[in-house]
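Below you'll find the structure, written out as C-alpha cells, and then a few comments.
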C-alpha cells in the first residue's frame with residue numbers, strides 16, 4: 001500500500017504543467033533547462049552558458065598572461081626568484097575574499113551585474129601591467145588582475161540558476177573547464193603576440209609591454225557582452241523580478257548565515273583548495289619549471305605548459321558529466337565517491353611527477369595529472385549546487401575562495417624562494433592533495449547519505465530525511481508564511497533525482513501523500 005502511495009505522489013509532482021513554450025530547451029518547475037545543448041545559443045539558458053565561459057576564459061588569459069613571458073620580464077625588471085614567487089602568490093591571493101564577496105553579490109544582485117562589474121573594474125590592472133617598472137609594481141598589477149578570477153563564482157552560480165539537477169554538473173563543468181582553458185591558452189597566446197610585436201620592429205623589453213593590451217581589450221569586450229546580452233535567471237533579471245515581486249528581497253545576514261554555518265561548504269572549500277588551487281599553482285610555475293629543469297627554449301616550454309591548461313577543454317567537463325552520471329545511478333553518494341577517487345588519483349600522479357627526471361615521462365605524467373586534478377574540480381561543482389538553495393552564492397564563493405587559498409598556501413610553502421627545488425615542491429604538493437581529500441568522507445546529507453552510510457530514514461527521530469525538510473530548514477516560519485520559500489520548494493522537488501536510480505529515486509515509504517512542504 002505504501003509503495004502505491006509513493007507512486008501517486010511522484011505522478012502528481014511530475015505531471016505539473018510547465019510552460020515550455022517560452023523556451024527553446026525543455027525546463028523543470030523552476031524553468032531550469034533539463035537538457036544541455038552545447039552548440040546551441042538559445043536564450044536564456046545556452047546564451048548564459050556561452051557568455052559565462054567566454055568571460056571567465058578572458059579573465060584567466062589576463063591573470064596568467066605574465067608567466068609565459070617571465071624569462072623576458074625578469075630580465076627587464078631585474079626580478080629575483082623570490083620576486084617572481086611573490087607575484088605569483090599575489091595573482092591568486094586577491095581573489096580569496098573577492099570570491100566570497102562575489103558569491104554574496106550573486107545572491108543579492110544576480111550574476112550578470114556582479115560579473116560584468118568585476119571584469120570592468122579589473123581590466124585597468126591588465127593595461128597597467130605594461131607600465132610596471134619594478135618588482136613592487138609588477139606584484140601589484142598581478143594582485144589586482146587576479147581579482148578577476150572571482151568571476152568563476154558567478155559562472156557557477158549562473159549555471160546552477162539555469163540548469164536542472166540532472167545536468168547541472170555537466171553545465172558547471174563545461175563552463176568552468178572551458179573558462180579555465182584560458183590558463184593554458186595564454187601560454188600559447190602571449191609568446192605568439194610577443195613574437196609578432198617584436199617582429200614588427202619593437203625591442204623585446206617593449207614588445208612584452210604592448211602584448212598586455214590584447215588580453216585587457218578582450219576582457220573589456222566580454223564584460224559589455226554580459227551586461228547587454230545576459231540574463232540572470234530563466235525568468236528574467238534580479239532587478240526586474242524583485243521590482244515585480246516575483247523574487248523576494250533576501251536579507252544579507254540570513255544569506256550569509258546559512259552559508260557559513262553549513263559545514264559541507266567548508267569541507268568543499270578545503271578539498272577544492274587542492275584541486276583548483278593546485279591547478280592555479282601549476283599555471284604559475286610549470287613553464288619556468290620546464291624552461292629551467294630541461295633547458296628548453298621559451299616557446300617549447302610554453303607549449304608544454306599550455307598542454308596542462310588546455311586539458312580543461314575535456315577534463316573539467318568530463319568531471320561534471322561523470323558526476324551527473326554517478327548521480328543518475330547512485331545519487332549524491334555516487335557524486336561524493338567519484339570526487340574522492342578522482343582527486344586521490346590526481347594526488348598520486350602529482351607525487352610521481354615530482355620524482356621524474358626525463359622530459360618525455362614528465363610530459364606524459366603531467367598530462368595525466370592535469371586530467372585527474374581538473375576533473376576533480378568539475379566533480380566538486382557537481383556537489384556544490386545541492387549544499388544550500390538559499391545561500392548558493394555564498395557556498396560557491398566559499399568553495400571558489402578555498403581554491404585560491406590552497407594556491408596561496410601551496411606556493412608560499414613549496415614554491416617561494418629556494419627552500420625546496422621545484423621537483424620536491426611538486427612531490428610535497430601531491431602529498432597535500434592526498435591528505436586534504438580525505439575530509440570528503442565526512443560530508444553527509446541527511447536526505448541522501450554520505451560515502452559510507454545511507455540517508456536518515458526513520459520518521460520517528462528528529463533527523464531531516466527529505467529534500468523539503470533539508471532545504472526549507474533555511475527559512476523561518478514567518479518567511480514561509482510570506483511565501484519566500486517557494487523557490488526552495490521547487491528546488492527540493494527537482495533534487496529528488498539525487499536519490500539515484502539504483503536507490504529509492506521516487507519517494508521514501510514514510511513520505512505521506514499529504515506531506516506539505518509549507519511547514
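Keep in mind that glycine also has a Cβ here, set from the backbone N, Cα and C atoms.
Under the heading compositional bias 'Basic and acidic residues', TrEMBL lists 493-511.
Annotation source TrEMBL lists domain 'Major facilitator superfamily (MFS) profile' at 48-442.
Residues or ranges marked as region 'Disordered' in TrEMBL: 493-519.
Positions annotated as transmembrane segment by TrEMBL: 53-72 (among others).
Residues or ranges marked as transmembrane segment by TrEMBL: 113-132 (among others).
Residues or ranges marked as transmembrane segment in TrEMBL: 139-158 (among others).
Residues of the same chain lying 6 or more positions beyond the ends of the transmembrane segment (178-198) and with a Cβ under 8 Å from any Cβ of it are 52-69, 72, 151-152, 155, 204, 207-208, 210-211, 214-215, 279-280, 283, 287, 298-299, 302-303, 305-313, 316-317, 374, 377. Residues annotated as transmembrane segment in TrEMBL: 178-198 (among others).
Marked as transmembrane segment by TrEMBL: 210-230 (among others). Within the chain carrying the transmembrane segment (210-230), a Cβ under 8 angstroms from the stretch's Cβ atoms is held by residues 47-48, 51-52, 54-55, 58-59, 61-62, 65, 69, 111-113, 115-117, 119-120, 122-124, 126-127, 129-130, 148, 186, 189-190, 193-194, 197, 202, all 6 or more beyond its ends.
For 336-357 (among others), the entry in TrEMBL reads transmembrane segment.
Here TrEMBL flags 363-387 (among others) as transmembrane segment.
Residues 85, 88-89, 92-93, 95-104, 106-107, 149-150, 152-153, 156-157, 160, 255-256, 258-260, 262, 264-266, 268-278, 280-281, 284-285, 377, 380-381, 384, 387-388, 420, 424-426, 428-429, 432, 436 of the same chain, all 6+ positions outside the transmembrane segment (394-414), place their C-beta atoms under 8 angstroms from a C-beta of that stretch. Marked as transmembrane segment by TrEMBL: 394-414 (among others).
Residues or ranges marked as transmembrane segment by TrEMBL: 426-445 (among others).
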Query raised in the report: In terms of Cβ proximity under 8 Å, which residues at least six beyond the ends of the transmembrane segment (336-357) contact it?
Result: 271, 274-275, 278, 319, 322-323, 326, 330, 365-366, 368-369, 372-373, 375-376, 379-380, 382-383, 423-434, 437, 440-441, 443, 450-451
Report summary line: Across 113-132, 139-158, 363-387, 426-445, the most C-beta pairs under 8 Å with the transmembrane segment (53-72) come from 139-158
**Report entry** Other parts of the chain folded back onto the transmembrane segment (426-445), taken as Cβ under 8 Å at six or more residues beyond its ends
**Finding:** 264, 267-268, 270-271, 273-275, 278, 281, 289, 332, 336, 339-340, 343-344, 346-355, 373, 383, 386, 406, 410, 413-414, 420, 451-453, 455, 470, 498
Query raised in the report: Taking the domain 'Major facilitator superfamily (MFS) profile' (48-442) alone, what is its mean pLDDT?
Result: 91
